[in-house]
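Below is one structure; the comments refer to it alone.
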Amino acid sequence: MDFMTLLQVLESTIRLATPLLLACLAGLYSERAGIFDIGLEGKMLVAAFFSAAVAYQTGSVWLGLLAGIASSMALAAIHGLASITFRGNQLISGVAINFLAAGMTVLVAQDWFQQGGRTPSLIGGARFEPITLPFTEALADVPVLGPIYGGLISSHTILVYVAFAAVPLTWWILYRTRFGLRLRAVGENPESVDTAGVSVVGLRYAAVAIAGLLCGIAGAYLATALQAGFVKDMTAGRGFIALAALIFAKWRPWYALWATLLFGLLQAISIRFQNIPVGDFVIPVQFMEALPYILTIIILAGFVGKAIPPRAGGEPYVKER
Amino acid sequence: MEKMPGWADAVLVPLISLLLAAILSAGVILAIGENPVTAFKLMVDGALMRSAGWGYTLYYTTNFIFTGLAVAVAFHARLFNIGGEGQAMLGGLGVALACLYIPWPHWSLALIGASLGGAVFGALWALVPAWLQAKRGSHIVITTIMFNYIAYSVLGYLLVNVLRPVGSMDPATPKFPETTHLPSFRDMFSTADTILFRGAPANVSFFLALIACVFVWLLIWRTRLGYEIRAFGHSETGANYAGISGVKITVIAMLISGALAGLMAVNTTQGEAERLILNSTEGAGFIGIAVALMGRNHPLGVFIAALLFGFLYQGGAELALWTTIPRELIVVIQALVILFTGALDNMVRMPLEKLFLALRRKEAS
């Protein structure tokens, strides 16, 4: 593999890791507050559709992004209502949200655009354009460093930088602010938070809302930056890969970055190479596709380090009387 | 004291949930500019008014009974098996191998052999998540989701690289031998004068699904194992205290669940397609969740819910054929049913409980 191929694979890794990273951080906020969220996939999917649809109608990608975030947060509100207010089963609620998104997006897309459940292709201002960072020109002629800076670091859309900036920000919020401390506490031991006079319900709703916001950005990225428009089921299991990455990362922000980059790399490799020959043996493309899930099972099984979820995860909180 | 009489819990709550889902679905149909009443009439016409329609409805019902029972059995042990889809896929592999490589003299023997193949492969696919849950505490919801994706990759690899006949581009096995052909409803119920169930895929495995319902009922409510499964689902610590092994119950409940999901493939793979294709499950594993929730994990309830979803599936196909409403409407209805009967259960239950308490107070005074 030559240098340029390597560079291309790594560049595609970053682009493919971005939606995973955003969704993974979304899951992180929610699950750290004790709300399991297997509806990441569905929230991304509605956001992808509504961002593409609104961006197409208005010609403004920013309005599209807003619409995507709003739709994702609406689903997050349903999840909150079911799992916080009515103390229902959080997993079942997540399953319902995934189906609701899968059905509604195609239904509305067909009603609005009559193109078999897709939006028309986005052009011009309806898409996020790559940003060229300063000094790209100046460094372009420097060997090795130039292509790395120009291809790998520069010339991504703004949402990629947002996603990567969200990692230190999440770390800071979780470990250096009062809100973060309370958020983590409510996922481990909600009784203690309640005793301290802080609203468990309020904190959990806040966490679910943040998850909705991040999934909204992830979905908008898929439809308006990574691709040009919405197609049916375009998330293609990314919500579940993000969930896998979250477990892989043991519910911590920096690890989430590495986990999603790893899974992004696996995706990039399987797209670029299909079947990979190693000596006489050929690694089939299906193995590369399944690898994130297999790795997650191994981590979950506790053979390589132990992944311990937040202690109060999945349990509705019932206030003592 | 019970807050609500048993009949209200078993019938009234699901019925109200269903009504809410139906009202919202009607709203969705209105919103996309169609008439819900005409749409419903079209669905009834297409699914229930002709024998061919029933043939499709009962074909889908068969799938949903199997996957619904699979989810229900796991629910009794308080295990949420989202892996029905993957288990049914692997069940398809078992059915296909049994049909392709064993020369069956008669369809009845082939049915038994294929059922065993489907059940064993489905159960084995559930074994690893079950064992990980029981022994290592890995959350079964996550592992079964992961196993769905792994199943898809495994099946894709086998169909493309191993089982595909030479010269074929289609990722599918060759057609099964003629002797494995299961009698369809048309073969069974048509007379010389009147042909019933023309072209419909419903076949003898529908009766296998009914047998599975009875089996699950006997298992859960009439055997020691069923008692242990329910006890474990009710209270893990209580069950442990009574000497019931959590590891054993988790593994056995998931094996039965996986086997039931795998049996679905007899209907789709041997009964309908007569060869194994990549996407033979078509999401039926997930519909099992809605079916089990609506059916309150009781085989009779599962049967009724499966019938309803069979009707929705066939009716939805008719709608897509005659109107501009796409098939995905069914996915929305399915989501609403899961939401109301599963996640928002308390929203329906709390006001009802208050109502019954108030009524009782009135009687007392």
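Each residue, glycine too, has its Cβ placed from N, Cα and C.
Not measured: the values here are computed from a predicted model.
As given in TrEMBL:
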type	residues	note
TRANSMEM	A:62-84	transmembrane segment
TRANSMEM	A:91-113	transmembrane segment
TRANSMEM	A:148-174	transmembrane segment
TRANSMEM	A:205-224	transmembrane segment
TRANSMEM	A:230-248	transmembrane segment
TRANSMEM	A:255-273	transmembrane segment
TRANSMEM	A:285-304	transmembrane segment
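Below 8 angstroms of C-beta separation, residues 19-21, 23-24, 26-28, 31, 37-45, 48-49, 51-53, 98, 102, 105-106, 109, 116-119, 215, 218-219, 222-223, 255-256, 259-260, 262-263, 292-293, 295-296, 299-300, 307, 309 of the same chain, each at least six residues beyond the ends of the transmembrane segment (A:230-248), sit close to that stretch. Here the transmembrane segment (A:255-273) has Cβ contacts under 8 Å with residues 5, 8-10, 12-18, 20-21, 24-25, 28, 164, 167, 241-242, 244-246, 248-249, 285, 288-289, 291-292 of the same chain, all six or more residues outside its ends. Packing against the transmembrane segment (A:148-174) from elsewhere in the chain are residues 7-8, 10-11, 14-15, 18-19, 21-22, 25, 28-29, 32, 128-133, 135-136, 139-140, 180, 183-184, 214, 217-218, 220-221, 225, 253-254, 256-257: each is 6 or more residues past its ends and has a CB under 8 Å from a CB in it. Taking pairs at least six residues apart, the transmembrane segment (A:62-84) and the transmembrane segment (A:285-304) share fewer than three Cβ pairs below 8 Å and do not count as touching.
Within the chain, the transmembrane segment (A:91-113) has long-range Cβ neighbours (under 8 A, six or more residues past its boundaries) at 36-39, 41-43, 45-46, 48-49, 53, 75, 78-79, 82-83, 119-120, 230, 232-233, 239, 314.
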